[in-house]
Amino acid sequence: MDSEERSKKRLRLWSRAVVHFSLCFAIGVFAALLPLAATGATSIDSIRASFRPTVAATPPVPELDLLLIVTVTRPDDDDDDGMSQEASLTRLGHTLRLVEPPLLWIVVGAENTTATARAVNALRGTRVMFRHLTYAAENFTGPAGDEVDYQMNVALSHIQLHRLPGVVHFAAASSVYDLRFFQQLRQTRGIAAWPIATVSSADQTVKLEGPTCNSSQITGWYSKDSSSNITETTWDSSSNTTQTTWDSSSNKTQTTTLAALDTNASKQNSSSGPPEINMHAVGFKSSMLWDSERFTRRDNSSTGINQDLIQAVRQMMINDEDKKRGIPSDCSDSQIMLWHLDMPRHTPKIEQATPEKESLTKGDEEESHDMTLDNVVPKTEEHETLEKENLMKGDEKGSHDMMLDNVVAKIEEQETPEKENLTKGEEKESHDMMLDNVVAKIEEQETPEKENLTKGDEKESHDMMLDNVVAKIDEQETTEKESLTKGDEKESHDMMLDNVVAKIEEQETPEKESLTKGDEKETHDMMLDNVVAKIEEQETPEEGKTKEG
């Protein structure tokens, strides 16, 4: 009995415990599901959410504007089949590769099979999204300097046609960038401008140009040359427009008042065009190409290219004051983020009129004219002096030749009748007469030269020389008379005369050319000495013959 009662008591206890547990569990489940049913969330989602860590909500990432980078190629880049163009595009492409997307690179160039293939390969190698636009070179009929503007119009017409939204910037292939520049360029909402430094390798100078600002609003444009330290204001949008030139070396400012820029006046005088502005230092919103009234489309019927887009951008840069801002905000040139490398092609140097020559005043022209006359007069006098000396030498030579010709002619005239009348008995007399004639002619030839001799020693020395000549001739005649036979006298005498005349002529030829007024006496004495020497040389073989006879 006791065992049965105990088992019943245990069963009751367990039953009560199970009932109590079930009631508590049911109440707990009901209490937990009641608020979830009120919010409409499922129990599974609420349970999963209860186990997730709490994370602060991140703000949405703003969408960046598209950068439209336009690069025009130089017309002379095709001369080397596009090799220099390929190098420049590769360098710029790797710079743009570091810019945060989205970015579209538009490259414009003339149609050329080789150059186009090189350019496309270079663009593909940079892994930058690009579009390569070409145009027929024969369609461009303007001056060579306007072809760059024509290429810019090609790119702007493409952007306008396809309505590409973004910020347009003209990037030269030889430009160097600071990557912070592209971050500020994306913030453009109208027109932006910034300072740019142009480094010239040929002139070894740096030209700085950019906008002038007033509270981040662009009010004008200036240019500054490092070589002259002169700052020139190209245009100013204030009411009293002035063109200012400032020389930093002398701290002097020269100001010239100009006419104020007026929109109506600019429309009437549209042919003059807006002031020249470096388009590489300007950026603008592309939506202005189809939203603004200035960009009314006037296409070329053959090419579909709007020829007025680039000029409209320049005009808009001047007139739209509310939409312009500077980069950086204060337009300070102390922070330059864009450099342009000016690398001109090496061409043969052609002499051109320098600005100094073109700007010579009347006083400078008179001075240069006087200097030219001073240089011409001495040269003319020197030329006249040389001509006079040559004429005197020529006259002396001519007179001397005439004297020799007369001597020879007289000798021949005497020999001709004498030879015909000579007999064996008269040969001696004719020989003596011929010798006397030779001596007489020599004396006649010496007569004008004796006039130049001094009264003292010159006359005595000349007489002694003549006496020696006569003595030598007499000695020669004596020897010849004894040794010559009747048949040989005539032949030897003729040969001797021919030799004397030939030797005199040979000596006179080089001496005539070098005769001057002061040298006449010396050359005459040398000639006489040579005659005596030749006569002595002739006597030597004749004396040998005489001894043998």
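Every residue gets a Cβ built from N, Cα and C, even glycine.
Database features, via Swiss-Prot:
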{"type": "COMPBIAS", "residues": "350-363", "note": "compositional bias 'Basic and acidic residues'"}
{"type": "COMPBIAS", "residues": "441-465", "note": "compositional bias 'Basic and acidic residues'"}
{"type": "COMPBIAS", "residues": "472-496", "note": "compositional bias 'Basic and acidic residues'"}
{"type": "COMPBIAS", "residues": "503-524", "note": "compositional bias 'Basic and acidic residues'"}
{"type": "CARBOHYD", "residues": "Asn112", "note": "N-linked glycosylation site"}
{"type": "CARBOHYD", "residues": "Asn139", "note": "N-linked glycosylation site"}
{"type": "CARBOHYD", "residues": "Asn214", "note": "N-linked glycosylation site"}
{"type": "CARBOHYD", "residues": "Asn229", "note": "N-linked glycosylation site"}
{"type": "CARBOHYD", "residues": "Asn240", "note": "N-linked glycosylation site"}
{"type": "CARBOHYD", "residues": "Asn251", "note": "N-linked glycosylation site"}
{"type": "CARBOHYD", "residues": "Asn264", "note": "N-linked glycosylation site"}
{"type": "CARBOHYD", "residues": "Asn269", "note": "N-linked glycosylation site"}
{"type": "CARBOHYD", "residues": "Asn300", "note": "N-linked glycosylation site"}
{"type": "CARBOHYD", "residues": "Asn421", "note": "N-linked glycosylation site"}
{"type": "CARBOHYD", "residues": "Asn452", "note": "N-linked glycosylation site"}
{"type": "REGION", "residues": "232-252", "note": "region 'Disordered'"}
{"type": "REGION", "residues": "350-371", "note": "region 'Disordered'"}
{"type": "REGION", "residues": "413-432", "note": "region 'Disordered'"}
{"type": "REGION", "residues": "441-524", "note": "region 'Disordered'"}
{"type": "TOPO_DOM", "residues": "1-16", "note": "topological domain 'Cytoplasmic'"}
{"type": "TOPO_DOM", "residues": "38-549", "note": "topological domain 'Lumenal'"}
{"type": "TRANSMEM", "residues": "17-37", "note": "transmembrane segment"}
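Closest by Cα distance to Asn112 (N-linked glycosylation site), from the glycosylation sites Asn139, Asn214, Asn229, is Asn139.
Look at the topological domain 'Cytoplasmic' (1-16): DSSP puts its residues at 15 helix, 0 strand, 1 coil. Between Asn214 (N-linked glycosylation site) and Asn229 (N-linked glycosylation site), the C-alpha separation comes to 23 Å.
The DSSP secondary structure for Asn112 (N-linked glycosylation site) is coil. With the fewest other Cβ atoms inside 10 Å of its Cβ, the least crowded of the glycosylation sites Asn112, Asn214 in this structure is Asn214. Asn139 (N-linked glycosylation site) is surrounded by 13 other CB atoms, counting those within 10 A of its CB over all protein chains shown. Within the chain, the topological domain 'Cytoplasmic' (1-16) has no long-range Cβ neighbours under 8 A that lie six or more residues past its boundaries.
Across the topological domain 'Cytoplasmic' (1-16), the prediction's mean pLDDT works out to 82. In this structure, the CA atom of Asn229 (N-linked glycosylation site) is 42 Å away from the CA atom of Asn139 (N-linked glycosylation site). Secondary structure from DSSP puts Asn139 (N-linked glycosylation site) in a helix. Following the DSSP three-state reduction, the secondary structure of Asn229 (N-linked glycosylation site) is coil. Asn229 (N-linked glycosylation site): 12 other CB atoms within 10 A of its CB, across all protein chains.
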